[in-house]
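Visitor: Quick one: the structure is below, and I'll ask about it shortly.
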Amino acid sequence: MLNDLDSIHQTDEGLREYLRSRGNRSLYRYRLTLESPQAPRITVSGREYLAFCSNDYLGLANHPELIAALCEGATQYGVGAGTSHLVSGHSRAHHLLEEALASFTRFPRALLFSTGYMANAGVVTALTGRGDAVFGDKLNHASLNDAALLSRARLSRYPHLDLATLERQLAASPARRKLVISDAVFSMDGDIAPLPELLELCERYDAWLLLDDAHGFGVLGNQGRGSLAHFNISSPRIIYMGTLGKAAGVFGAFVAAQEEIIETLIQCARSYIYTTATPPFLSHALLKSLELIAGGAGRREKLAQLTKLLKQECHPLRWQLLPSDTPIQPLVMGENAEALQVSEALRQKGILVTAIRPPTVPEGTARLRISLSSSHDIEDVMELGAALREIDRDME
């Protein structure tokens, strides 16, 4: 986002001043360079760290069966799609995965996208435009917000989980088409949206409901089928977006919906039409990933156990975990500098937990986003808890 660049002159010195300003406000972002696969223990710059910052919730990103399936897919399909899905880039592997995803999520059709960001952009811009209305939770993922702005529909945002305000907005809207957009599991808070109530409002006010289940797919519901299965709800109004690089362990995203919605996306979603298809070997590997997700009840049970343990370990701290029953456990410090200080203190102890600051989260809510994986052990969580308590004492 370039909002805070508005007052900066279009010169190299202007950009340097902007970057200095970000550093002064404890908002500068840095990248880590991993030298190992994703796992509870990773190597960065030659040092091993215990990591709590990946979205690899089921520990599949380095699973031997997925690695074998990926190699098998590369042998069968090569390493690149070569062109877009609508030219000659749509392979049998893509097609089989779309059919499997539709069946797994209990929708008539599914459509692959390269990323969740592109999937959300494709859906919102294909289905809405000038004269239409989009309604979104203020804590939605940036991709949903950007998609709504790109569509040129009127965007109304409601306070987090404030369905009374959403209902007033829906009731007052004269738009010909209405679309409610929401995270199913909020990526920085870890809480789950009240999907039955959201759906009821969409039914009452004749709106579509786009759910971004990037952090629920594979984790929630029977066999990991996601947030809809968690609540046991379905409706032709629902447009379901799931990602394939988090719990699924590989890469990509998909949209599942009614036949007419999917066909409209194929015809009109620019982020689907005007891009090269993902390598087909990824889709081949993801077919195996779906099998592992469906059979991963033990992994999901372990996640629940680790989540309960982490809450116990963090209970004595001055900082509080936000209420969340998902693997996303945010420990809120408030000030940017303090979140960075605690993150760095953990790093000195060989533990990686990312500090999340504005604009990713609202001002005054900087936090550590602790992310659990079923690959973590009980001892890993206890080590993190002990380190946090020691840092807490040292900062008194």
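Cβ atoms here come from the backbone N, Cα and C positions, even for glycine.
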Visitor: Among His141, His160, His215, His230, indicate the single residue that Swiss-Prot lists for the substrate site containing Arg29, Thr360.
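Guide: Candidate listed by Swiss-Prot for the same site: His141.
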Visitor: From the candidates Ser84, Ser88, Ser182, Ser187, give the one listed by Swiss-Prot for the same pyridoxal 5'-phosphate site as Gly116, Tyr117, His215, Thr243.
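Guide: Swiss-Prot names Ser187 for this pyridoxal 5'-phosphate site.
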Visitor: Can you tell me how many other Cβ atoms are located within 10 Å of the Cβ belonging to Ser187 (pyridoxal 5'-phosphate binding site)?
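Guide: Around Ser187 (pyridoxal 5'-phosphate binding site), other Cβ atoms within 10 Å: 23.
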Visitor: At a 10 A cut-off on CB-CB distances, which of the recorded positions Arg29, His141, His215, Lys246 has the highest count?
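Guide: The residue with the most neighbouring Cβ atoms within 10 Å is His215.
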Visitor: Quick check for you: of the recorded positions Tyr117, Ser187, Thr243, Lys246, which have their Cα within 10 Å of the Cα of His141 (substrate binding site)?
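Guide: Correct set: Tyr117, Ser187.
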Visitor: Same-chain residues six or more away whose CB lies under 8 A from the CB of Gly116 (pyridoxal 5'-phosphate binding site)?
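Guide: Once residues fewer than 6 apart are set aside, Gly116 (pyridoxal 5'-phosphate binding site) is near His141, Ser143, Asp212, Ala214, Met241, Thr243, Ala253.
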